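J.: I'd like to ask you about the structure that follows.
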Amino acid sequence: MTKLAFLATLLAGATATVLPRGDIPTGAPALPLSAFNTMPHRMFSPEELVAIVDNGTQHGPDSNFQGIQATCSNTRIRPEWHRTNDAFKQKFVDALKCLFSRPSRGNYPGSRNRYEDFVQVHQKVALNVHSQGNFNAKFLVWHRAYLWAFEEALRGECGYSESLPWFDETLYPGRFSQSSIFSSKWLGAINLQGRCVTDGQFANLALNVGPGGGNQYHCLTRNGDASFTSLCTSANVETCQRANDYQVFAQCEEGGLHAYGHIGTGGEMNDFFASPNDPVFWLHHGMVDRHFRIWQNNNGNRVNYVNGPGPDGRMLTMDTPIYLNGLKPDLKIKDIMNTIGGFLCYKTAEGNSMKERPVAAHVAFLLTFHQCLPPLNTHQMDAVVAFTPHEQTPLRKLQQTPRELLEKSLANLVTSWPPEKASHVTRMGFYQGPTSIAYLFFHLSKSHPQLEVQGKTPSWWFQEYFHTAPEPDVDESSFGIASEYYCHLALEAAHTQDATPFLNAVKALKLNDVQEILLGSTGLLILLRLVKTFVPSAASNFDDAIHTVVTHINASSWLFHGREFTGAVHGNIGIITQLCLSGGASAMSDPLSTFLDLQQEDGNWHSTTDGKHEHMQWCHGVPGCITSLLAIKEYFPEKPLAGRIQAAIEKGQRLIFEKGVIKKEPCLCHGVTGNALALDTDDRNHLLSFATPRAVAEGKWETSSDPAGLYCGEAGRAWVWSMLDGGRKGFPGYTDV
């Protein structure tokens, strides 16, 4: 058979038409639990897992390793069950029912339908693909091929258009019953003590394959056991991920999370031979395969080798066959090691315990990242990926404490850009220039009053930067966070506790048709909230002013220079965010819903509603959008908008994590530092590891227009380190007040 013919055979049926939902067989009796435990799963305690990994062998990289390339043009994403909507879940359940309603297609004794063909194959080969008395390294690779064959049957024979979901069991350790998987809406109850499943969409399901190696008509049963599911923790996942060798990882994974989930679900799932009878099997093994993918991706070479004994004691090689007994043509291990190459073409979406990362392009890339950053044209707006965080595996961590990073960053700031030198930068309020640095030190004087920088306190440095030049001239043409005049007035009010000059200036303002944050009305809202927060004695005097500005913005066009922007700085989400933070959330449901409609398939937003440009930077792209949504989601707790917000956040965060390290200067506004603030802790720290003082010094980043200031320079990075060290939370001059 030619290679093309082989692939055609593998993928046959992929364009099958959608079939109606099938009826499942019902009406069988329960069997005693002892019938499902004829051969126990190989299992280790968490302490034994640690010993297996710590005492395991180490497999070094192959000398001819040249990197792994993705060859799939349309890679599917396998989602975590709890991050899918009801429509997705129903499609999956319908496809399962479809297989139950279709006739058996081969020589599968005991099978009465297409679904049971898969159960019978697992029953037949179980002793050859699992460990028992002796370790069998074939476990992971065979089950990867088996899951793929099942997914192809769902897609090719039942018109299923989605990917195989998986169950992140670390979300519910010791409490699987609280997962929607085991609800009456979906797959039915788990805590049944061996009784038939009588609720959910597989209620009273009748099975004919198993238990054990026989065939006896019986119902689907479960026997939830929290003493085992409580072991399904992120810590135990990460123990196995530390393995430096395939056979060590395979042994740890099979006897760890794999065994805990099977035994803890119990009943059918505890049947060593016929556990695929329970539809939960596919979600459980989807998780196991995800752990395998993540372990492989911690070192690109891990898709290039296997080791360890097979069922006959002979060592596995990349050419060792994988027998699927007619479900699909037989394969070799090398065919299924790289899931984004060849014909598999899938990745898995993120979950609670670990992050999915594509295979590293080259191991040496980790050591030379700063050489990959040639200078760019300063006027280039499109963010250019310097290298993806996914290519930097394993997930990078900050090598110093936030306090150490803060102290180093501040030392760099006051040494390289002392107040007198900073005064020569164009003064643009909190955006850039000495007032933006003064804003940083003002907050540090509140959160870190005893911190010393070159022997001086933050209060001292605040005074130096704030008074480094004469007070700015009155300028009523702009009044946002880039207005030197109004920012200076607001910061002086917060410092002196005298809000009168600032309030008088605001009352004299004539609001114009600019609503964005740098120059317009929403920026003024930020300044009003700042003074209200830090001058509590005058707080009541600000309510009318804030209400007036909110009313003006709601009644005005949100265009900027005749165009409708979407991002945080000039666009709709920036305006929506500031209105929500200023008491105007009740009128924002419709504008927010419209904004969510504009999210692109990759997770980004076009910078304008009529444009095609997408940017990977806080000011004009997805990072600012996600930062905004994170800040305002609490104002919209009602469904379905709350669910749409969360889905948009997760979709955007995946893109930021993948492409968030860009060549532009590593700053808050349009660099990796600002991008990082849109992510959760581990992913955030991964991106921030490229913005540490050392990484900035070594990297060949684009030159900043203001290397010292808050939005474009060192002061912004210092803000982030202070935030991680217990300082003011939020994006400065945006969501911090």
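Backbone N, Cα and C define each Cβ position, glycine as well.
Keep in mind that TrEMBL annotations are predicted by a computer and have not been checked by a curator.
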J.: TrEMBL has CYS669, HIS670 down as binding Zn(2+); which of CYS580, CYS619 does it also list for that site?
T.: CYS619
J.: Radius 10 Å, atoms counted are CB only; among the binding-site residues CYS619, CYS669, which position scores highest?
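T.: Within the set of binding-site residues, the most crowded position is CYS669.
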J.: Other than CYS619, CYS669, HIS670 themselves, what residues in this chain have Cβ atoms within 8 Å of the centroid of the Zn(2+) site's Cβ atoms?
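T.: Filtered neighbour residues, in order: VAL569, GLN617, TRP618, HIS620, GLY624, CYS667, LEU668, GLY671, GLY674, TYR711, CYS712.
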J.: Suppose we draw a 10 Å sphere around the Cβ of HIS670 (Zn(2+) binding site). How many other Cβ atoms does it contain, all chains included?
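T.: 28, counting other Cβ atoms within 10 Å of HIS670 (Zn(2+) binding site).
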J.: Across the whole of the domain 'Tyrosinase copper-binding' (278-289), what does the mean pLDDT come to? Round it, please.
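T.: That stretch averages a pLDDT of 98.
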